[in-house]
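The annotation signal peptide is assigned in Swiss-Prot to 1-33. The feature domain 'Peptidase A1' is assigned by Swiss-Prot to 60-425. Residues annotated as disulfide bond in Swiss-Prot, with similarity to another entry given as evidence: Cys88-Cys178, Cys102-Cys115, Cys107-Cys133, Cys118-Cys128, Cys346-Cys387. Residues or ranges marked as N-linked glycosylation site by Swiss-Prot: Asn130.
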Amino acid sequence: MAQNMAPIFHFIAISLSCSFLFVLSSSQDSQSLHYPLPTSSSKPSLLVLPIQQDASTGLHWANIHKRTPLMQVPVLLDLNGKHLWVTCSYHYSSSTYQAPFCHSTQCSRANSHQCFTCTDSATTRPGCHNNTCALMTSNPVTQEAGFGELAQDVLAIHSTHGSKLGPMVKVLQFLFSCAPSFLAQKGLPNNIQGALGLGHAPISLPNQLFSHFGLRRQFTMCLSRYPTSNGAILFGDIYDPNNNYIDNSVEVLLDMVYTPLGISLQGEYLMQVSAIRVNKHIVVPTKNPSMLSSNHGDSRIGGVMITTTNPYTILHHSIYEVFTQVFANNIPKQAQVEAVGPFGLCFDSKKISGGIPNVEFVMDSPDDVWRISEENLMVQAQNGVSCLGFVDGGMHTRTEIALGAHQLEENLVVFDFAKSRVEFNSNPLKSHGKTCANLFDLNNA
């Protein structure tokens with residue numbers, strides 16, 4: 001009888017063990033998320049990351065979901081950053097954290113060829129192991145840099161479900177840098193714990209998502225002007241007819257213009273702009289051959305870097321002088337007031353209420369123009385004073401123009417790596433009755 005009962009007890013033991021593992025797994029997910037994760041068989045075609053603006057700095061940031069159990073981690077949006085980095089010195093707790101050994105496959109993928117030795121702590125912890133990979137990490141605002149530990153952990157991001165925000169999907173071994181804490185102590189908005197790199201690098205967020213989920217190599221950015229509402233970054237093909245996440249805004253997609261997308265030696269995103277027009281007057285800069293740009297002759301501006309870590313557009317001095325002079329000449333002289341730093345051209349807000357000059361960036365083709373709205377051009381520097389939101393970068397800028405976050409806000413910007421081009425909505429979103437906040441359904445984000 002005992003021999004006959006043995007298989008039964010064995011079956012019951014296995015069943016109870018499986019039930020326990022299922023309950024444990026479900027309870028861990030329910031502690032960190034309020035909605036179920038999709039099954040492993042689901043394959044998203046579009047991923048969504050909500051983005052917010054910081055009112056005090058004008059920079060943009062996102063809550064990413066990392067670790068086990070999942071936690072929200074606020075990080076700065078760094079369009080040209082090489083990878084995600086977060087500070088791990090304190091309060092980093094995760095059951096799935098790993099630090100790959102030096103010279104491992106993960107290190108090669110991250111272009112890390114130097115071993116990391118931790119001297120900060122007598123005991124090992126996230127960010128502090130020996131014989132791991134060293135990854136140079138920098139604060140994109142202060143330019144401070146230091147070595148972090150290459151690490152991998154779970155990352156989760158929203159998928160889409162029709163025109164709605166869908167459940168989260170996971171990358172189980174997402175590579176990032178566990179960076180020293182001093183990198184987050186200056187220049188960043190309050191409570192920000194790192195930076196999210198979207199640049200042209202092997203382990204940037206886009207490249208890891210493209211590779212892991214098999215997405216089309218394209219991401220779309222829409223930065224909100226308002227700290228109280230979200231913008232978003234979409235990873236995947238927004239033009240795919242099967243992706244109807246922004247079906248209610250198809251007229252915006254029909255208003256896109258494009259120009260070649262270039263990559264600098266440092267992996268930064270560049271776009272080709274042939275001229276700036278102010279009330280149809282073409283602004284032509286003095287050409288500086290030492291600047292990073294395309295060789296199209298003296299009448300072309302060349303490479304324009306797109307950034308999110310400069311709050312305002314920075315112009316090489318030769319361009320800034322001509323641009324501000326032409327702009328000022330199109331506004332009554334009595335409207336001009338003393339400049340408020342960091343800006344060099346400011347006006348009495350009441351005296352320019354009748355309108356300001358039209359400014360357009362002419363793309364690679366003269367028929368393709370990006371019209372910059374008044375809200376993107378002007379900044380309320382102080383009560384009653386409006387300033388042109390462009391900054392003189394001096395004579396030694398690396399690029400002739402570095403587009404800043406303020407000028408990018410409330411614009412749809414598509415980075416299409418498959419076609420090597422960047423796209424902008426030709427007319428401001430508001431001309432279509434849209435904002436970044438209502439272009440996408442970000443409920444439950």
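Using the three backbone atoms N, Cα and C, a Cβ is placed for every residue, glycine included.
Given the structure is predicted, the values throughout are model-derived calculations rather than measurements.
Sequence features annotated in Swiss-Prot and their locations in the structure.
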residue	record	contacts (Cβ under 8 Å, 6+ apart)
Cys88	disulfide bond	Arg125, Pro126, Gly127, Cys128, Glu149, Ala151, Cys178, Ala179
Cys102	disulfide bond	Cys115, Phe116, Asn131, Thr132, Cys133
Cys107	disulfide bond	Pro100, Phe101, His113, Cys133, Leu150
Cys118	disulfide bond	Thr124, Gly127, Cys128, His129, Asn130, Glu149
Cys346	disulfide bond	Gln336, Val337, Glu338, Ala339, Val340, Ala381, Val385, Ser386, Cys387, Leu388
Most Cβ neighbours inside 10 Å, all chains, among the disulfide-bonded residues Cys115, Cys128, Cys178: Cys178
Protein Cβ atoms within 10 Å of Asn130 (N-linked glycosylation site), excluding its own: 14
Lowest local Cβ density among Cys133, Cys387, which the record lists as disulfide-bonded residues, within 10 Å: Cys387
DSSP state at Cys107 (disulfide bond), helix/strand/coil: helix
Mean predicted confidence [pLDDT] for the domain 'Peptidase A1' (60-425): 91
Where Cys115 (disulfide bond) falls in three-state DSSP terms: strand
